[in-house]
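See structure below.
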Number of protein chains: 2
Amino acid sequence: MTINFNGNFLKACKGESVSHVPVWYMRQAGRSQPEYRAIKEKYSLFEITHQPELCAYVTKLPVDQYNNDAAILYKDIMTPLPAIGVDVEIKPGIGPVIANPVRTMADVEKLGTINPQADVAYVLDTIKLLREQLTVPLISFGGAPFTLASYMIEGGPSKNYNNTKAFMYSQPESWFLLMDKLADMTITYCKAQIHAGSQAIQIFDSWVGALNVQDYRTFIKPTMQKIFTALKEENVPLIMFGVGASHLANEWHDLPLDVVGLDWRLSIKEAGERGIKKTVQGNLDPAILLAPWDVIETKAKEILDQGMAHEGGFIFNLGHGVFPQVNPDTLRKLTAFVHEYTTK
Amino acid sequence: MTINFNGNFLKACKGESVSHVPVWYMRQAGRSQPEYRAIKEKYSLFEITHQPELCAYVTKLPVDQYNNDAAILYKDIMTPLPAIGVDVEIKPGIGPVIANPVRTMADVEKLGTINPQADVAYVLDTIKLLREQLTVPLISFGGAPFTLASYMIEGGPSKNYNNTKAFMYSQPESWFLLMDKLADMTITYCKAQIHAGSQAIQIFDSWVGALNVQDYRTFIKPTMQKIFTALKEENVPLIMFGVGASHLANEWHDLPLDVVGLDWRLSIKEAGERGIKKTVQGNLDPAILLAPWDVIETKAKEILDQGMAHEGGFIFNLGHGVFPQVNPDTLRKLTAFVHEYTTK
């Protein structure tokens, strides 16, 4: 740990006292940055992630520019899937497209296992590089089995996840085998990232809000329990996030994890009233970043007031990823405001 | 009212006693029906709705085939928009596409008013025809201002409604004028449909779940209060529905309306525990319709048990529209099951 290391993010994860509320933004490295857009003209996402020096640069850039309190490794939740036999391509303007969708037990049985040192060495190398360069904690992430399965079953992005749910309801045995295989992949992949130097793990179950509580408990929660129980052994903070999943926040809170990520639909105050006592992370609607500064400041203040009054720790973030139209100056100003408003 | 008129749906809306739980399905007339697909090969949606006899046939077909307890007039929430100057086209595989998006106060000011007798005479004629043909109540519907505005501002379907929200946060004066104009259109349009013979109105605020409670109260609720207060004068049941909007259910319940529509994310039991005492409508996840019959029956039973135990009335429906892959036989069987399981 360097002398100037800023550990506020890790402290907040554990609910410990901080010198200011830590802040980072989901998708802080991405198309909102002109430097990134210039790189994306030359390389695809997979090409960037396969070049550790370039990937480290992309990861670190927003931290330096915005003075954020954490870095998040630049990659995609699809990154580990080719290792287990999923033929995935990130198509510009569409998203992940999968050539061989999973539709039967035989498809599930064919899925292999990941050997991070062989399959994603470039990810581990990037982490090592970043740990030499960064003075803030490095977060790695993985996709949760439901969200990964939704792409694998639908063959790409989906609006209603009808095929995914039909598979889940119609072929429960295949479903649970698929969940189990994806859980094993996620555990191995995340553990390797921690061993390479990642200091926190965020699990994105981006689309699981499409399920109700009852189905979450039946079809998802046992798998998530397995993942977090295994990762807990590594003693780094574990964060959970999904969009439109307010109704599942208490289910997440039950799991052996440290931080409950919230989108903007559930306020931090309401989350507290519903029994969320762990650290929360969120939850400014990224659409607000397109509004005039006084609107942004007012909304940020409300969230900060609620976050600082929360029983557990608090990490300021957006309720979803930064999108391309957002001006980097706005994010720089927002980080400065969060730091200034919350410095003790 | 004909001798054989089945009024269970209207009774359930008012919380009165019924001979069986009434059932209808959102998008019951649509691409899941082979007869409809054959018609759609020849005509666009707008072409079908402009031919009262054909439109009445499409509306009535699923009622006859499934023995449902209500008909819902076949049309689109976009139907009234051309009357106020919005150039909208429903593009196959995409959805509504708007050639002249609303982005400024001047754009809002340009919007006109609707004269239903001149602008949508074909809708009113279809309603009159249907009232002669149907022995179940006829529901008409309208889109709510937020959802209509989302198409008008984005220029088409959207994933995150960023431009819509940016407009709302950045140009509140223009926003409220837009909401007011759309409310006036909706009131005039729905009243004309009631005067032509529609016996209930469902308002679709399909995408308003993208907002949190605080923003709903500030930017949406006053407009919805205005709409429902005006429609209440007509003395027909008023139903509210949106997808992924569980967190707004109590806000809807506050409004002067009769029925709170729920998608599958909030169970009827939980809705009751959260103070929803009015009639509820819902809430089988339509993806379950692709599962084997025993799964469908089990899930339907759970909903029916909760619905019959609900303090207010109960109408069985899906939590979202029927989608094309659903087998009509499944819907016929489901309606029969609901009737049989709940007949007193």
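Cβ coordinates are placed from backbone N, Cα and C, and glycine is handled just like the others.
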* Out of B:His320, B:His339, which does TrEMBL tie to the same substrate site as B:Arg27, B:Gln28, B:Ala29, B:Gly30, B:Arg31, B:Phe46, B:Asp76, B:Tyr151, B:Ser206? -> B:His320
* binding-site residues compared (B:Arg27, B:Arg31) - highest count of Cβ atoms within 10 Å -> B:Arg27
* Asked: Relative to the Cβ of B:Ala29 (substrate binding site), which residues of the same chain, six or more apart in sequence, are found under 8 Å away?
  -> B:Tyr36, B:Val58, B:Thr59, B:Leu61, B:Pro62, B:Ile72, B:Tyr74
* Which three-state DSSP class does B:Ser206 (substrate binding site) fall into? -> coil
